[in-house]
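If you look up TrEMBL, you'll see Cys44-Cys56, Cys93-Cys111, Cys127-Cys139, Cys134-Cys152, Cys176-Cys194, Cys207-Cys219, Cys257-Cys275, Cys300-Cys318, Cys334-Cys346, Cys341-Cys359, Cys375-Cys387, Cys382-Cys400 (among others) marked as disulfide bond. The annotation transmembrane segment is assigned in TrEMBL to 12-34.
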Amino acid sequence: METLINKNITGIVITIVLFGIVSTSQIIPSTVVVSDTTPHVPHCNPDEFECANGECIDSSNKCDGWSNCNDGSDETHALCSNHTCLDEDSFQCKYGGCLDINYKCNGLHDCWDQSDETKELCLNHICDEGYFKCSYGGCIIIDFKCDGGIDCWDKSDEIYESCKNVACDKESEFKCNYGACIHHTHKCDGEYDCWDKSDELCSNHTCGPNKFKCNYGGCLNNLDFACDGTKDCLDESDDTQDLCRDYSCPDDRASKCDYGGCVDKESICNGKKDCWDGSDETSFRCSSKICSDEINEFKCGYGGCISSESVCNGIQDCWDGTDETEALCSTSVCNNDEFRCGYGGCLPMSFTCDGKSECWDSSDESEASCLLRQCGGREFKCDYGGCLPMRSKCDNKVDCWDKSDEHERFCPKSGSTLSQQPHIAVLCILSLGYFYKTL
């Protein structure tokens, strides 16, 4: 993806080129603010690069294919487009960054613009012995083919055509419906190991001793997982009211949830709902609780107690959110290595644009915060701009809040046609004086 920015008095025009499709958007300020012309005084050492957010990194890490600045400013197209790779064994990404040549066509997107794994670049690439050639041309270790996990970004290492003739060891392996082999202990263990989920089709499965059998047939490794406040079975049958109503709590889990399950007594009124029905954190149960001054606790609005250090940390530690209100946090001061949420809370910079909203107002995962961020090597860029480990793409779990990591254009299903139009999420940020307008 290539992003071009044009600033003018009417706003900021952003042109996004994604998969050859041009999308133009505009960020329009509610008021035009003219900044002063005071020259910027660099504070980094001569052998360091100053990131846009003020961080200092070693100059050798600039345009090296990895985002060393938290804001990704060391790997932008504007900075790196005229960069020259010094090492003869380097591959130059389209935006200008340099990678070890071994990262080219290796099945993973190491350049943030994904230019190291294009079909045009890799289709005629020759894989070494012991490697599998993905449909687009990239190479992965042969042992990664048909192992239940997707390693080629185009998913071609885990499709029926690639795996139908694979012979699984009958003694130690289970064969997924599409042909891949996984260890037999992963069958009906309550987790999906085959990407087609066929390892959890378990209606006739028998569980071993001291294991709990879920209604669908899968097994939990310990009987203690039943009625423990958390739904562990894929069908949630281990923590139902019918199952747990007459359950007797063991000594080490002395507190009973309203539906019948048991949780540790230390979990009562601790800010977090440990009983799935929330009965351990109700106002009725917690309003009379006295928080300790000795360990410096903060009392949530409903009555639970949390550490005062958790107040205005960007994360709602009280389930009712009273530790992260704008009234409480608007005057808080964040450190240089922290992100200030829209309402005022402070969050470690490393938590921003990671696919999960830690700020309750989601400002750490907004397009305004993330769209221009450059993802590092071996990371997947969500449509809104967040960065995830590449293994999170097409793993049957939504990790990007806009669901782009599981979109059909990246994760083709059998018989489907890839969508030619990228999903573009639109976010209005009126509280910051900006709104995002798709043209």
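Glycine is no exception: its Cβ is also placed from the backbone N, Cα and C atoms.
Just so it is clear, the model here is predicted, and its values are computed rather than measured.
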Worksheet item: In sequence order, which residues at least six apart in the same chain have a CB under 8 Å from the CB of Cys134 (disulfide bond)?
Response: Gly107, Cys122, Ile140, Cys152, Trp153, Asp154, Ser156, Asp157
Worksheet entry | Under 8 Å by Cβ from Cys139 (disulfide bond), same chain, sequence gap 6 or more | Cys105, Asn106, Gly107, His125, Cys127, Asp128, Tyr131, Phe132, Lys133
Worksheet item: Looking at the disulfide-bonded residues Cys219, Cys375, which sits with the largest number of other Cβ atoms within 10 Å of its Cβ?
Response: Cys375
Item to complete: To the nearest whole angstrom, state the Cα distance for the pair Cys44 (disulfide bond) and Cys346 (disulfide bond).
Response: 24
Item to complete: Output the one of Cys56, Cys111, Cys341 that, of all these disulfide-bonded residues, has the highest number of other Cβ atoms within 10 Å of its Cβ.
Response: Cys341
Practice prompt. Could you measure between Cys359 (disulfide bond) and Cys111 (disulfide bond) for me? Cα positions, answer in whole angstrom.
Written response: 29
Worksheet item: Tell me which residues of the chain lie with their Cβ under 8 angstroms from that of Cys318 (disulfide bond), as long as they are six or more apart in sequence?
Response: Gly271, Phe298, Cys300, Gly301, Tyr302, Gly304, Ile306, Glu324
Worksheet, complete the sentence: CB neighbours within 10 A of Cys387 (disulfide bond), counting all protein chains shown, number 23
Practice prompt. Give the distance between the Cα atoms of Cys176 (disulfide bond) and Cys341 (disulfide bond), rounded to the nearest whole Å.
Written response: 44
Practice prompt. Compare the C-alpha of Cys111 (disulfide bond) with the C-alpha of each of the disulfide-bonded residues Cys219, Cys257, Cys346, Cys400, and give the closest one.
Written response: Cys400
Response to the item:
Here the 10 Å Cβ neighbour count for Cys44 (disulfide bond) comes out at 15
